[in-house]
Structures are given as C-alpha cells and as structure tokens.
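Database features (Swiss-Prot):
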BINDING   161-216  ATP binding site
BINDING   Asp288, Glu300  Mg(2+) 1 binding site
BINDING   Glu300, Asn302  Mg(2+) 2 binding site
DOMAIN    134-332  domain 'ATP-grasp'
Amino acid sequence: MEFCVLFGGASFEHEISIVSAIALKGVLKDRIKYFIFLDENHHFYLIEESNMHSKYFAQIKEKKLPPLILTHNGLLKNSFLGAKIIELPLVINLVHGGDGEDGKLASLLEFYRIAFIGPRIEASVLSYNKYLTKLYAKDLGVKTLDHVLLNEKNRANALDLMNFNFPFIIKPNNAGSSLGVNVVKEEKELVYALDGAFEYSKEVLIEPFIQGVKEYNLAGCKIKKDFCFSYVEEPNKQEFLDFKQKYLDFSRNKAPKANLSNALEEQLKENFKKLYNDLFDGAIIRCDFFVIKNEVYLNEINPIPGSLANYLFDDFKTTLENLAQSLPKTPKIQIKNSYLLQIQKNK
C-alpha cells in the first residue's frame, strides 16, 4: 500500500510537522509515494523524496517550486504542456497545530473526496480546543483537572477566578507541542506566563500543577470494531514535558514501556475507548493521562501525534495498513430534483 504524507501548514508547529514527516519517511520508506508540503501561505508543493531533510527546508524560501492546486481526488499541476492531475494515494494528515488539527484540512479533504488518515472535522474542533476537550471528556465520564479559562478581558482577575493555589500551569487553549506553557509558582511570575501563553492563543487555560504526578501516554486507533493500542509510555520529564522533550526527540525508534499494573493499564485503555468512540474514527491519536491517587485523569488528546507516535507501536506499518482499510465513508447524497420537477409540473 502506498501513502501520501501531507505536512507543513500555517501554524506555530510548522517546523514540528516537517521534522515529523522526515521521521515518518524513515519508518515507512518506499511506501510513501508523495510528500506534499503546505507552506505558510497555503500553497501546496510536491517535494522529492531526496529533499526530505532538514537542510532543504531550512532554505526552502529560496527555492522556486511550482505550486499545486487541490482538486477532486488529487492535485492539479500546471506546466507549459498543460494541466496534469496528480492522483493521490491515501493521504496521511501530518500537519500539526493550526490547519491540520483545527479542522481546516479535514474539511478540504472531505470536500474534495480525498481519502485520508487523520481526525475528521468534529474531532479536530473538539481536540484542538483544550477547554472543549475537557467538556467532552466530562460528558463521557472521563476525569479532568480543575481549570479556569481566561481571555484578554478577564485575565486581570485570574487569581480571583481560580479555586486552587500555587503552583499552577498556564497553557494556550489552542496550541500544542507545549508552546507557551509555563509553571507559575508565585504571583510575580503570573504576568510573564500569561503574556507568553497569549502569544499563541486568544484564550488561556490554567490548571493546578502537581509536582511529580505520574503521566502515561497511550496511542491507538479503531480498526473496524476492534481497538489497536500501542504500549503505554511513561515519559521521562522534569517539571512538565516542554517543547524540546516532546518534539526534538520524537524521531527516536522506540520509547521505554511504562512499568504499571495490568489493572491500571486496563483503566487507561477504557478511558481511551470512551474518548475515541466514534468521534476519532479514521485517526491514530495519542491520549496523555495523569494518575492521581489511583484515579485516571485526561491531560490532553493529541489528534495528530508527532510522527503518528509510530515509536509506541510494536508493528506500526501493519497498524497503519489495517486502519487504511477501515476509514469512515461519507455517504454520497443523490440529488434527484424531484421537488423542483414537481413545481415545474404544476405550473
């Protein structure tokens, strides 16, 4: 089976997506037929496999590549010989952050009937917004930490709105990769941390920070009616997983398995199933959990994890190919114009 990797995007995680695509190239190798790069101006470009390395993208603004146009079933390439359709194999949406995880690309791909692996529109909207993710989890009976949502209008009242004490953690509500995330241990650090978070999002989420909390990551997908899980990872961290810890090492081959009881592993999987069903059908996602006093709490849902979290799976290639055979299908609406014909008949 062949794939097309779509990466880049107009987001703060643009470079992360490039590194993610390069890492996935090393895993899938010749199974990737095309690499399609989306730049910050929303132009699509075909990148040769030999150019899939960091040095090329560090200088890509100096390149003169012919832009492609997204159309039904593929991409349109114009040349002096005329227009040519590049028919795409199954697309892997590997655009992190805005464009890829907020629903824009899912909408485009569905609109043009291009088959893809990745979160659909509703899944993207709910998981990209951390506050909406918490509401979604609560409705499913999955625990989350206490939290406060701030915007520019109420940020001055942050301390009054919180029902928890220092230390706490501040996160942009619409950004991933730990960008703009800071731990605040005393009041004098608050303004700086808020300024940093508001650079990435119009809304900011504040949660209590629990030193030394156990954190577990679990990736997976649903293939037909059965779930396929990765093994559980317990990430090595200091205070929290910052940008460098999260993304500058996801090209690793394998991550260490967590040492946890069968009962706890089953709890993590049951919570994952609740969150996945059926919203995330067609996607490989990673759920990051906290365990506090033997209770499982959702930290966040990563709808497009770095390099699709391939390093957590014992047989990632088989998982991906099986998922490709179990993608959700949008029913085609038959337009019959019977109502219009009846109106015409009655005239």
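Here the Cβ of each residue, glycine as well, is placed from N, Cα and C on the backbone.
Sequence-distant contacts of Asp288 (Mg(2+) 1 binding site), defined by Cβ-Cβ distance under 8 angstroms and a gap of at least six in the same chain, are Glu215, Tyr216, Asn217, Leu298, Asn299, Glu300, Ile301, Asn302.
On the 0 to 100 pLDDT scale, the domain 'ATP-grasp' (134-332) averages 91 in the predicted structure. The binding-site residues in question are Leu161, Ala175, Ile210, and the one with the fewest Cβ neighbours inside 10 Å is Leu161. Its Cβ placed at the centre, Glu189 (ATP binding site) has 15 other Cβ atoms within 10 Å.
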